[in-house]
Number of protein chains: 2
Amino acid sequence: MSEPLRLGIAGLGTVGTGVVKIVRQKANLLAARAGRPVVITAVSARTRDKDRGVRIGDYAWEDDPVKLAARDDVDVFVELMGGSDGPAKAATEAAIAAGKDVVTANKAMLAHHGQALAEAAEAAGRVIRFEAAVAGGIPVIKALTEGLAGNEIVRVMGVMNGTCNYILTRMQSAGLSYETVFEEASVLGYLEADPELDVGGIDAGHKLSLLSAIAFGAQVNFEGVELEGIGQITIEDIRAAADMGFRIKLLGVAQMGARGLEQRMSPCLVPADSPLGQLEGGTNMVVIEGDHVGQIVLRGAGAGEGPTASAVLGDVMDIARGIRPATFGRPAVELEPAKAAKGATPAPYYLRMTLQDKPGALAKIATVLGEAGVSIDRMRQYGHEDASAPVLIVTHKTQRRALDEALVAMGRLDVLVGAPVALRIETA
Amino acid sequence: MSEPLRLGIAGLGTVGTGVVKIVRQKANLLAARAGRPVVITAVSARTRDKDRGVRIGDYAWEDDPVKLAARDDVDVFVELMGGSDGPAKAATEAAIAAGKDVVTANKAMLAHHGQALAEAAEAAGRVIRFEAAVAGGIPVIKALTEGLAGNEIVRVMGVMNGTCNYILTRMQSAGLSYETVFEEASVLGYLEADPELDVGGIDAGHKLSLLSAIAFGAQVNFEGVELEGIGQITIEDIRAAADMGFRIKLLGVAQMGARGLEQRMSPCLVPADSPLGQLEGGTNMVVIEGDHVGQIVLRGAGAGEGPTASAVLGDVMDIARGIRPATFGRPAVELEPAKAAKGATPAPYYLRMTLQDKPGALAKIATVLGEAGVSIDRMRQYGHEDASAPVLIVTHKTQRRALDEALVAMGRLDVLVGAPVALRIETA
């Protein structure tokens, strides 16, 4: 049996602790599968003395993750600290400079610095692997990079923030308001310290930008992701969507077209009977469409100690077995800068608005839509008791640009109460 | 850029032709991803002159696949002929003897000879890859072997024969009999030349035995698969199952327990609202349960030119990139012989029978079940006009052995019309 593969782990939160547990408990299984032992030699975390339910006294300790990353007895630097910059980035750079491979769960770091880090690693003949950064335990990076390598990728879609999907499905099943369920999620500890990372779509947008890079051979372009959070979704939207056979999901979509790379992370309506529509709670799902393979759907837990540690171990085991694909599926220096094509693909839209209850209000809205070239598929005006009337409109396929024009024009009409909500309808 | 990877393809049916098309049309994409060109140097098939919609005149021709496999200008032997023995096996052995890597879609060959072939290949330092042999375009072999390598696998389940799933879902949606839909499938060309391979569960059983080997570190043991086809399923079964919130699927299940390796390929009831229950038509689905990752669900096209060729190309691209895991995830000589534990895990069962319409018949059936230790959860007797009464019973969890005892005892009672049907209820 060959030399052991030696890990240095920086970050001993939920995921780091999970990785330590698996390496300790599964030593024989991992060695049998890898053909060599996988061992931990050194660890680093913010606090040394803390009950983590796992023994770390056997490993060398470093206060400074940068020092850990450069240790002679470390082959693979496992970065589980998080944060797009700061110690995570410094230590990852130090690991590459010292000739180590890197396994990370850090989507923010890669969304912002993935291109530079991948170039540096590849110049040094090392790999950066990040299965745990996208969709938790689902081996989607591997499927896209390796399993589907014979396909031109047509589209990648995904529900990749379990907290948002929990909030949206819980609103629907319990009939509760966004605010109430947001509060519940907060109490349950489901939300990031900065909740905008979740409900603003930022975390899921990071993930989408990494999938796009692999799928389309483009440099990671997080700034090119159209981001829209779920904070404006009301229980009325969820009910109206359900009435029409849809569910509302925070959905990421990436596709390459003649005008460039389109990346959207926004609340969308999807058919209730589609795999995406049927996804409940904190589960993640990624849908990959390839020109030969057709549609592949991958589903599993998107977060948590076990699933995320499983993904980290998958990458570690690959390195132990000599499986070393380029970070984004082809050499980083060959990735094309991605031209962002915002709102390029037309789609039907769901519009919700409240109109002042005065004669001709609805006619004015319809006229404005027509003048912008947006045609109406269905319209509903709900019964109401006060002086304002809730109206729902489903449009035929339209360019987002045309719709935005219409929304601006509506604002000038003086018939709206509050701002209208426009949600894309994404069909499979 | 490195040396090209040279393929010799044996078998130019649907899948072989699909592979040739991709290699020709996607030369640049494949080279960019692999870091080296992927080319075809030689081909072999039963008939040389035949319009395949793709040009093969550029490649050397061999009448004999064994000669193709040993050619000096071939690095990877791509076996797409099929058949468990005969030319496919002879050529695969010749390829290994000549120091070639092998990519195959041949589940029958690997189910019967996988252990010997893997040992030979590994002794020669070569790999055998077979993503296309299981669940078409879904990269499930890769997910199980590599992505989930940090997990102890708890259970693998799958709907892996699209023809059977087409028949069962079409019966349900159109309210047609098994015989009618079987005939339809035959006319549509969905059935193998020997339809028992499909509807008898043999093809899907081959696939399950390959997944088991990887999941549980065991030698392939196709003989240990409990096989039961779908030929006995009636439209009444499908309706009754639906009434109770279930769907009937030809479901493969593999799990390792204290008594050994349990592998079943049989029609089962699954919850209608589960991912497996919602699977329609010819689509395949594999569910993998790992101790850390939880449940991962993979779904996609299980057959057809594009999806199967995509899987072949995934393996080819891995070899081009130097990704060379052991055939069954660990060295073949270390795989344990699998002790078959048939019917080890208890489950609830669905029973359908027809009773003679005479006093006490149902009581006698209930007594026999009770004496065998099988307790009844639900029972329905349907209205009837002739002298025989259809009866449905759902049992509580029971050992299959106890149920079989009860079925034998019922046969002696002289109250049954025809043989009862017993289907396992598999819950997630």
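Including glycine, each Cβ sits where the backbone N, Cα and C put it.
Not measured: the values here are computed from a predicted model.
Over in TrEMBL, the protein carries these features:
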type: ACT_SITE; residues: A:Lys207; note: active site, proton donor
type: BINDING; residues: A:Ala10, A:Gly11, A:Leu12, A:Gly13, A:Thr14, A:Val15, A:Gly16, A:Thr17; note: NADP(+) binding site
type: BINDING; residues: A:Lys107; note: NADPH binding site
type: BINDING; residues: A:Glu192; note: L-homoserine binding site
type: DOMAIN; residues: A:350-424; note: domain 'ACT'
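Across the fold, the C-alpha of the residue listed as 'active site, proton donor' and the C-alpha of A:Ala10 (NADP(+) binding site) stand 21 Å from each other. The residue listed as 'L-homoserine binding site' has A:Val15 as its nearest neighbour among the binding-site residues A:Leu12, A:Val15, A:Gly16, going by CA to CA distance.
Between A:Thr14 (NADP(+) binding site) and the residue listed as 'NADPH binding site', the C-alpha separation comes to 16 Å. Confidence for the domain 'ACT' (A:350-424), expressed as mean pLDDT, is 92. For the recorded site, A:Gly11 (NADP(+) binding site), the DSSP three-state label reads coil. Taking Cβ-Cβ distances under 8 Å and a sequence separation of 6 or more, the neighbours of A:Gly13 (NADP(+) binding site) in its chain are A:Ala45, A:Leu80, A:Gly82. Sequence-distant contacts of A:Gly16 (NADP(+) binding site), defined by Cβ-Cβ distance under 8 angstroms and a gap of at least six in the same chain, are A:Ile9, A:Ala10, A:Val43, A:Ala45, A:Val78, A:Leu80.
Look at A:Glu192 (L-homoserine binding site): DSSP puts it in coil. Between the CA atoms of A:Val15 (NADP(+) binding site) and A:Lys107 (NADPH binding site) there is a gap of 14 Å. Apart from A:Ala10, A:Gly11, A:Leu12, A:Gly13, A:Thr14, A:Val15, A:Gly16, A:Thr17, the residues listed for NADP(+), the same chain places the Cβ atoms of A:Ile9, A:Gly18, A:Val19, A:Ala45, A:Leu80, A:Met81 within 8 Å of the centroid of those Cβ atoms. Counted within 10 Å of its Cβ, the other Cβ atoms near A:Thr14 (NADP(+) binding site) come to 15, all protein chains included. The binding-site residues in question are A:Leu12, A:Lys107, A:Glu192, and the one with the fewest Cβ neighbours inside 10 Å is A:Glu192. A:Gly11 (NADP(+) binding site) sits 15 Å from A:Lys107 (NADPH binding site), taking the Cα positions as reference. Distance noted between the C-alpha atoms of A:Thr17 (NADP(+) binding site) and the residue listed as 'NADPH binding site' is 19 Å. Look at the domain 'ACT' (A:350-424): DSSP puts its residues at 23 helix, 31 strand, 21 coil.
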